[in-house]
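Some features that Swiss-Prot has for this protein:
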REGION    1-167  region 'Unknown'
TRANSMEM  49-69  transmembrane segment
TRANSMEM  76-96  transmembrane segment
TRANSMEM  106-126  transmembrane segment
TRANSMEM  167-187  transmembrane segment
REGION    168-439  region 'Prenyltransferase'
TRANSMEM  194-214  transmembrane segment
TRANSMEM  245-265  transmembrane segment
TRANSMEM  267-287  transmembrane segment
TRANSMEM  308-328  transmembrane segment
TRANSMEM  365-385  transmembrane segment
TRANSMEM  386-406  transmembrane segment
TRANSMEM  421-441  transmembrane segment
């Protein structure tokens, strides 16, 4: 996480704004540890952290070679060690050029490469230590209702369950973050209107409800076989499939009307999101391929584009990169749930990764995708100029997310999988809030 902290600090405006305060290296304008201004504090903090992190990388390499780590782990750590001095030299040129674009880009790319090497080494080390160990005995499959407020009348609660409201808060946050980022692209005198926000988020809630309802109808036979889902409204006939389908159509039409009131492209993306989740993911991917989780991440990524397009009327780089963060986060998030309910998914006939590739490989891929998510969050900061709040959030919550993934390797039971699952929600939720606050408030 030391390397990651340096990456984030270098990519956010907290360091970019400080670059002009110190255009020499290794000293700062002929002085050592001159801390007369906040910019200089940031610069020296970055350089001190770089030195300490370099020592940590050296220590990791020595440890890998002296403890008999596997060849691939030694190779990955040695690669990080070899790249680090190159990164320092590029960083020096970046400082002396006041953050000129070519040096900044190379500096960021090398940093991501070092971080990726260390993440891969971590995943392989954990796999070597725990991959051959049996998982803890899973407790009996927990039964619970999928969604809804138990105080609601039965039929109302059943229709609320169809809409999968637990998905709404996070996906609406994704759209909200997309709108916040896009608002920074508006010209002088333009601002994000309340009508755009209400229509976009309202359309998002309705489209999520439509997609969830169609999913209930289309997966009712599989849901009946799974302890986690065999009490869903369509399975238990509280709502007949025909009524649920009609409800989904009404929600879908209403969502498209809300999106169309914003602009036509937003409506097109909304329709794409509904169709992708309901047809491509539910009918084609999930029952047939272990890669359904990865490819299906596109469904969760589309709200980022919807939010951006609602404000600007066109797809932009910031929206695409935010969508990429969500896409890469999805496997790191959902694989935890797939582990927790592996036997249930197997009974339902879904060839998810834990079912067909095993739990050890799934845990390893969680670490891979956490690393990819964190790296993409750095790219988002670099391209959109997000500041210190965003930087602190992705570093601190990213460390928490990674910590629980490591614990999952050690403990290998449902409780650990669900802790990692909730940590993934906390990371993304806080990151999106930080995007909104950093863009709109700070």
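Glycine residues also receive a Cβ, built from the backbone N, Cα and C atoms like all the rest.
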Relative to the transmembrane segment (49-69), which of 106-126, 194-214, 267-287, 365-385, 386-406 accounts for the most Cβ pairs at distances under 8 Å?
106-126
Where, among 106-126, 167-187, 194-214, 245-265, 267-287, do we find the most CB pairs under 8 A to the transmembrane segment (308-328)?
167-187
Looking only at residues six or more beyond either end of the transmembrane segment (76-96), which have a C-beta under 8 A from one in the stretch?
3, 10, 19, 22-26, 43, 50, 54, 57-58, 60-61, 64, 69, 103-104, 106-107, 110-111, 113-114, 117-118, 120-121, 124
Where else in the chain does the transmembrane segment (106-126) make close Cβ contacts, counting only residues six or more beyond its ends and a cut-off under 8 Å?
3-4, 6-7, 10-11, 57, 60, 64, 69-70, 72-73, 76-77, 79-80, 83-84, 86-87, 90-91, 94, 363-364, 367-368, 370-371, 374-375, 378-379, 382, 406, 409
On average, what pLDDT score does this prediction assign to the region 'Prenyltransferase' (168-439)?
93
